[in-house]
Amino acid sequence: SQYSAVDTNPLSVYIMQPIWNKVIKIVPLWIAPNLLTFSGFIMILINYFLISFYDWDYTASGSSPGLVPTWVWLFSAFTTFCAYALDSIDGKHARRTQSSTPLGELFDHGLDSWATSIFVLSFFSVCSRDNGKTGVSVYTMYIYLSIVLFNFMCSHWEKYITGVLFLPWGYDISQVVLIAAYLLTGAVGVEVWQKPFLFGYYITDALVILLIGFSFFLSFPQTLYNIHRAHLKKTLKNDPLYEGLLPLVSPLLLFLLLTVWVVLSPGNILAKQPRLFLWMVGVAFSNVICKVIICQMSSTQPELFHWFLFPLALVVYAAISGMLGWTEEVVLAVFTALVTAAHVHYGVCVGRQLSEHLNIYIFSLKKRIRE
C-alpha cells in the first residue's frame, strides 16, 4: 500500500520542517534510512538506561536533588533532540535515496511505538515520585503513560480505518517540551520542578493538565472527525463497524488487565517496582500496536485477542488472588524480561522476513542477490 501521511501542525510545518530540510543535506547518500531510524532509537535507549542507573526508583530528584549529575540532563536534551531529528529526516532521506519501502515504514512506526513510552519513562525522573511534599504519584505516572499510549494508538487506528496517517500535533510539541524541560533541569537543577510555579501549582501539574486537555479535546476529537469525514467521502478502508473497531479490542483489554493489576495488587506492585512495571506496560503496548500497524499496511484483519493477553491474564490473576505472595515482584521481573525478549525477537523476525521478501537489506542500500 502507498504510504500517505498528513501533517497540519504549524510548529512542524513552519519551524521544524525547514530545519530538517537543512539537516538532511548533511546526511551522506550511501546511508540507509533505517540506519537513521535505528540510531535515534538506540540513543533514546542509552539515555533511558543512563537515567535508570542514577535513579532506579524515581526518587532521586525529590529526595536528594544532586544525585543525578547535571551532565546527564544535558545529555538527555541532546539525545532527545537527535532522536527527534533522526525520526523526522528518515522518511525524507528515504525519498531522497529512492529507497522508500514498507519495511522502512514498519521499522519507523514500530520503533516509534516503543520509543513513545521510553520518552515518558525518562521524563518521570525529572519530576520524581511523590514524597509527601513534591513529585508525582506512581498512579499519576501510570495514567500519564496510558494517555500518551492511547494517543499513539488513536493515530494508528485512524490510519487502519482511513488509510492516511494524520500526524498527531502532540508529537512535535511534546518533543520540543521534553528538550526544553531537560535543558531547564540542566541549567537550574531539579529544584525548579519542586517549587510551586503558579497559584501553588507545580510545573508538572501544568504538564499533566496540558497533556490530558490535548488528548481529550484536540487529539481524540480530531481522530473521530477524520474518520467521520472519510466515511462521508466513502474513502474508508475498513468500513463495517466490527472491522473498524477490531484493532481496539486488544489494546483496551491490555489496558484493562494492567489496571486491574495496579489497583488490586496485594503487594502494591506499582509502588514497589514502578520502573519495571511501567517498562513492561510500554513493551506490551508496543507489541500489540505493531500487529495493528502490520495489518494496516498489509490490509489484513487483526486477530481479536493478541496472544500476550493470555499469559498476562494468568499473571494478573495469580497476583491479585494472592497466590504469588511475596514472589509478586520476582514474577513481574521475569515476566518483564520475557515480554521484552519476545518483542525484540518478534521485531527481528518480521524485519528479516520483510527484507527477504522485498529483496533488500535492512541497514544497507545495496540490493540482495537472490540465491
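Every residue gets a Cβ built from N, Cα and C, even glycine.
TrEMBL labels come from automatic prediction, so no person has curated them.
Database features (TrEMBL):
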- 26-50: transmembrane segment (TRANSMEM)
- 70-86: transmembrane segment (TRANSMEM)
- 136-154: transmembrane segment (TRANSMEM)
- 166-187: transmembrane segment (TRANSMEM)
- 199-220: transmembrane segment (TRANSMEM)
- 241-264: transmembrane segment (TRANSMEM)
- 276-294: transmembrane segment (TRANSMEM)
- 306-324: transmembrane segment (TRANSMEM)
- 330-348: transmembrane segment (TRANSMEM)
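Within the chain, the transmembrane segment (241-264) has long-range Cβ neighbours (under 8 A, six or more residues past its boundaries) at 139, 142, 146, 150, 153, 156-157, 160-161, 227, 270, 277, 281, 284-285, 288-289, 291-292, 295-296, 301-306, 308-309, 312-313, 315-316, 319-320. Put simply, of 70-86, 166-187, 199-220, 276-294, 306-324, the stretch with the most CB pairs closer than 8 A to the transmembrane segment (330-348) is 276-294. Residues 250, 253-254, 257-258, 260-261, 264-267, 269, 284, 287-288, 291, 331-332, 335, 339 of the same chain lie 6 or more positions beyond the ends of the transmembrane segment (306-324) yet place their CB under 8 Å from a CB of it. Within its own chain, the transmembrane segment (70-86) has Cβ neighbours under 8 Å at 20, 23, 36-37, 39-41, 43-44, 46-47, 50-51, 54, 115, 119, 122, 126, 175, 178-179, 182-183, 185-186, 189, counting only residues six or more beyond its boundaries. Only residues 6 or more beyond the boundaries of the transmembrane segment (276-294), in the same chain, are considered here, and those with a CB under 8 A from a CB of the stretch are 106, 109-110, 113-114, 116-118, 120-121, 124, 141-142, 145-146, 149, 152-153, 156-157, 160, 247, 250-251, 254, 258, 262, 269-270, 300, 302-303, 306, 308, 312, 329, 332-333, 335-336, 339-340, 342-343, 346-347, 350.
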